[in-house]
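In what follows, a structure is listed as structure tokens, so that the remarks can point back to it.
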Amino acid sequence: MRSPKRRRLHFSNICSFNCVKGALKEDHTRIGGPGFSRIVYCNNPDCLEVSPTNRSTNYVRTTKYTAANFLPKSLFEQFRRVANFYFLVTGILAFTSLAPYSGVSAIIPLMIVIGATMVKEGIEDWQRKQQDIEVNNRKVKVHRGGGVFEQTEWRNLKVGEIVKVEKDEFFPADLVLLSSNYEDAVCYVETMNLDGETNLKLKQALELTSSLNEDEDFHDFRAVVKCEDPNANLYSFIGRMELEKQLDPLSPQQLLLRDSKLRNADYIYGVVIFTGHDTKVIMNSRDPPSKRSKIEKKMDKIVYFLFCILFVMAFSGSVYFGIITKHDLEVGSKRWYLRADKTSVFFDPKRAPIAALFHFLTTLLLYSYLIPISLYVSIEIVKVLQSIFINQDIHMYYEEADKPAHARTSNLNEELGQVDTILSDKTGTLTCNSMEFVKFSVAGTAYGNNLTEVEKMITKRVESPLIVNGKDKKSFIKGFNFDDERIMNGKWVNEPHSDVIQKFFCLLAICHTVIPDIDEDTGMVVYEAESPDEAAFVIAARELGFEFFKRTQTSVSLNELNPVTGKRVERSYKLLNVLEFNSSRKRMSVIVRDEEGKLLLLCKGADSIMFERLAENGRAYEEETRDHVNQYAEAGLRTLILAYRELSEEEYMVFNGSFSEAKNSVPECIDKLAQAGIKIWVLTGDKMETAINIGYACSLLRQGMKQIIINLDATENFAVVKTGEKDAIAKASKESVLCQITEGKARVAASSSASFALIIDGKSLAYALENDVKKLFLELAVGCASVICCRSSPKQKALVTRLVKEETKKTILAIGDGANDVGMLQEADIGIGISGVEGMQAVMSSDIAIAQFRFLERLLLVHGHWCYRRISSMICYFFYKNVTFGFTIFLYEAYTSFSGQPAFNDWFLSLYNVFFTSLPVIALGVFDQDVSARFCLKFPLLYQEGVQNVLFSWRRIIGWMLNGLCSAVIVFFFCIKALNPQSFNKDGKIAEYQILGATMYTCVVWVVNCQMALAISYFTIIQHIVIWGGIALWYIFLLAYGTMPPCISKTAYRVFVESLALTPSFYVVTIFAVISALAPYFAYTAIQMRFFPMHHEMIQWLRHNHKSEDPEDSNLVRLSSISPTTVGFSTAHSLTRTNRV
């Protein structure tokens, strides 16, 4: 095991830090006041002076329920749904004399449905509980006195305790860094779980505690920390530490946040400041916004609509009942059998209004079967199963990173099939955000032959033969994708400016903060870098002959190629200063002394910063280099400028007081999404030229598409902006943007056939999003085929998403991979997180996580379409079967003079939705496929059914309800006319009430299950089992239930054995009633399929007739999806072919 002593380096000579000892700033004077009252006694957590607010435990709970509140809280959640509350009320009323059935038969189905939902929620919460247990039981070393550290669980930590955290461990609470194994008390921290960034953060302890390097040093350690109270701000911390009468300020430089990870240090010591729910990361954690799909919202409206129908039916029947009851005492009354002179209040002619009121309440209970009691729980079960299928889809599994798709919520599955617009972050999303070294330019000469994806698409776009000359040699080395025979294998020594090239490679290998480490298994040097770009540079230098392999407290060592001897030699560079990269400097610099004693300033940074700092004698290659930078940007590459200068000793004494984004199948994916009718907007932070070329590379833009560019270049040429002129400049800028938007709208309106692309920069977008301009901007954007917003800030991304969602009322999907995309993801109807290399913040804020952008094609076109169709068909069928059942009850009650008499036995009523018809509809929602995945991808126009919502329109919903009404009428009157008044069997027995009810119920069960069989497009063995098994279950139940005593089975007592099973007319009536009830639907479907086919029916016809591979027939179907606003490379070619024809 390596000794910690070996790693004690003076990192202050390697990296720049804030001063570890400084004067108290103005903010620190607030300590002790409101909001800054926390006092921590280090190494003495049980001190009597500790405030009660400091005694909170480190136990963290993320569960929704506890053992104590699960039952009441879960029941409250269930009965917040109006349907469940209605069934609760009817269940309670069922125990009164108003009910036409027994109370037990009414309440048990409700208990089953509510119980199933509660079990589902309980399982989900138990999984969260298990995660909490795993986190709370993690181990950490805690000082127990006498310089001895012992392992304990995270949950047991207290404020003030000293902990020892080792490399690659997570910090168990918010800590103040005391020291590390380095003498300068520094460490690297990875905060990916907090802010989504993979860049390592540098932390350094106070000089006051930096000498506490060993366990024994804490034997008598006592200090007092006074700091701010717990708050959610991740990037600020104000406090001070008092040790041995010395007082030093604390800053975020010393704060180690819970759930961040220790990197590049063997161990650190820290004191616990905030625990449990007081930690900053827990205070920042919040539930994502509650999202409900548009179908689910519409389903609620349908339930309310059925409630209205139920009340109308009950009210109209009660009015009729009251009128006819009033005349029951008259001579010649048709209802003489009721004995109106000796009846109860429910049929009393003398109190007809009261009888009508009681009848109204009775029919509200009786007609309640019009509302599907198992609808919500069935949909929840189906969505969970659909999510499992999404998670298990092998075609969306990214093997290289071992990351499958992950549906983090199942509430929005069907919404995936209705996406109208995709808002995508470009960086790392349309790309894999994988940093690779591809090209470079030295001394005015460009090197690197590999083509980027942008270059490939540009050459393809203009049909250039250059594509055959360019190379596409993919390196097997991660981070290195360079190929040029002039440079590789040491041949760079033969180049005209080999001395400059040598300095370039040295700069790559020296100017960084990368830490080399030896892999103990392979013995090879591995690099731990703050960011992927840092790693890419040192890897490129190594592959080109300049291997960085060692770093000490004052030097870096390289194995570099000697251009004279052609052999590798070890050279050491004394590291004097490191000036870190930051957002204001936009560059990084190091000062080193080589073996010859020369002082060298090595610098790398953005072109806008570096070019203006070139010396007069250093501009020899500026023009050529600028051209190459522009070419690289147009090729979709990120660029950096590298420069050096030799310093004199006097100058130093005064002072001392290219990347690529590897794309993977993105153009093809965007092409398919565009053919599906989905609009695609890109919101990127890149400059306009780069964004436009990325648009061409990803098929968002195509040749011949007219561009509408909105920017503020014109207004930027005003005179120097003075304080008094800012308002005038802002007003002029806004007027310019408004004028450009108006002109753009006019161009779009004037051309009905051309397609347009809108490109707008960040400054213009700020004005376009103002209240009086945003609607005009949206009208222009919606009229364009694609929209690219350049230089967009995270806030602007969220505002654009909100604007499109609220104004268009369409389904909006946002996709991103960085912490700066969180607002956009949460604002959209569906947020898709890319689990790439920029951290997990976007994934943790998303609804669904995928590993690469290209998987979005299958997620939407296959799973989205299937889920939308399944859920839509499932809900329509639910209402169909309940309308069929409910109206059969209504017709029978009307037939019996609205007497409140149910057509069926109590348990027949109760078990209809729960057992005999529920499983087939769940199977429909999980397994049905109108077309296969291959055809979904081959014919993207199929997705338009979801975008246009044709499968869940009010027309379709009402149509299914009318189909249910038609089936109810046919079944009822067929049974009534066929069974009455003729004799039912050979003994002359007529069909009594119980026989009629059982026969009608049998017909209804057959009809709704056979209707399901007709509606299904893709049969599996499971669907056969649940459909025909549901019918068989009815017969088994009727037989078993009929054998029970009459006090239990009532009207079903031996009805099947003695009356139905032995009578041929029962089977004849069933067969003909079922055929008659299904005939209208079958005829309607046949006519529609023949003369008015929908998209999926056209594709089914092609498949059935084996014409799916016929180019002519397939092209006719595919062309119907192409419109003037469609984007995509293959679309452009299709349009070209069509125009030629």
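Think of each number as a place in line: the chain as shown, counted from 1.
For all residues, glycine too, the Cβ spot is worked out from N, Cα and C.
If you check TrEMBL, you get these features:
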- Asp425: active site, 4-aspartylphosphate intermediate (ACT_SITE)
- Asp425, Lys426, Thr427, Glu534, Phe581, Lys604, Arg638, Thr684, Gly685, Asp686, Arg791, Lys797, Asn820, Asp821: ATP binding site (BINDING)
- Asp425, Thr427, Asp817, Asp821: Mg(2+) binding site (BINDING)
- 40-106: domain 'P-type ATPase N-terminal' (DOMAIN)
- 843-1093: domain 'P-type ATPase C-terminal' (DOMAIN)
- 82-100: transmembrane segment (TRANSMEM)
- 106-123: transmembrane segment (TRANSMEM)
- 302-323: transmembrane segment (TRANSMEM)
- 354-377: transmembrane segment (TRANSMEM)
- 878-895: transmembrane segment (TRANSMEM)
- 907-927: transmembrane segment (TRANSMEM)
- 957-979: transmembrane segment (TRANSMEM)
- 999-1018: transmembrane segment (TRANSMEM)
- 1025-1044: transmembrane segment (TRANSMEM)
- 1064-1084: transmembrane segment (TRANSMEM)
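Shown on the structure are the features that TrEMBL records.
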residue : record                                        : Cβ neighbours (10 Å)
Asp425  : active site, 4-aspartylphosphate intermediate : 28
Phe581  : ATP binding site                              : 19
Arg638  : ATP binding site                              : 17
Gly685  : ATP binding site                              : 20
Arg791  : ATP binding site                              : 20
Asp817  : Mg(2+) binding site                           : 34
Asn820  : ATP binding site                              : 23
Asp821  : Mg(2+) binding site                           : 32
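Considering only the recorded positions Asp425, Phe581, Arg638, the residue whose Cα is spatially closest to the Cα of Asp821 (Mg(2+) binding site) is Asp425. Most Cβ pairs within less than 8 Å of the transmembrane segment (106-123), among stretches 82-100, 1025-1044, 1064-1084, belong to 82-100. For the transmembrane segment (1025-1044), the partner stretch with the highest count of Cβ pairs under 8 angstroms, out of 82-100, 354-377, 907-927, 999-1018, is 907-927. If you look at the transmembrane segment (878-895), the same-chain residues 6 or more away from its ends with a CB under 8 A from one of its CBs are 302, 306, 310, 313, 317, 363, 366-367, 369-372, 375, 378, 901-904, 909, 912-913, 917, 921, 957, 960-961, 963-965, 967-969, 971-973, 976, 997, 1000, 1004, 1007-1008, 1011. In this chain, the transmembrane segment (354-377) does not touch the transmembrane segment (957-979); fewer than three CB pairs sit within less than 8 A of each other, excluding pairs fewer than 6 residues apart. Outside the transmembrane segment (82-100), and at least 6 residues removed from its termini, the chain residues within Cβ reach (under 8 Å) are 106-107, 110, 113-114, 300, 303-304, 307, 358, 361-362, 364-366, 368, 371, 373, 375-376, 900-902.
Using a Cβ-Cβ cut-off under 8 Å and counting only residues 6 or more beyond its ends in the same chain, the transmembrane segment (1064-1084) has close neighbours at 963, 966-967, 970-971, 974-975, 978-979, 984-985, 999, 1002-1003, 1006-1007, 1010-1011, 1014. Away from its own ends, the transmembrane segment (999-1018) comes close to residues 873, 877, 880-881, 884-885, 888, 892, 903-904, 908, 912, 916-917, 920-921, 924, 927-931, 963, 967-968, 971-972, 974-975, 979, 991, 1027-1028, 1030-1031, 1034, 1038, 1060, 1066, 1069-1070, 1073-1074, 1077-1078, 1081-1082, 1085, 1096, 1100 of its chain (Cβ-Cβ under 8 Å, at least six residues beyond either end). Separation of the C-alpha atoms of Arg791 (ATP binding site) and Asp425 (active site, 4-aspartylphosphate intermediate): 11 Å, rounded to the nearest whole number. A straight line from the CA of Phe581 (ATP binding site) to the CA of Asp425 (active site, 4-aspartylphosphate intermediate) spans 24 Å.
For Asp817 (Mg(2+) binding site) paired with Asp425 (active site, 4-aspartylphosphate intermediate), the C-alpha to C-alpha distance reads 8 Å. Mapped onto DSSP classes, the domain 'P-type ATPase N-terminal' (40-106) shows 29 helix, 3 strand, 35 coil. For Asn820 (ATP binding site) paired with the residue listed as 'active site, 4-aspartylphosphate intermediate', the C-alpha to C-alpha distance reads 9 Å. Note: the CA-CA distance between Gly685 (ATP binding site) and Asp425 (active site, 4-aspartylphosphate intermediate) rounds to 8 Å.
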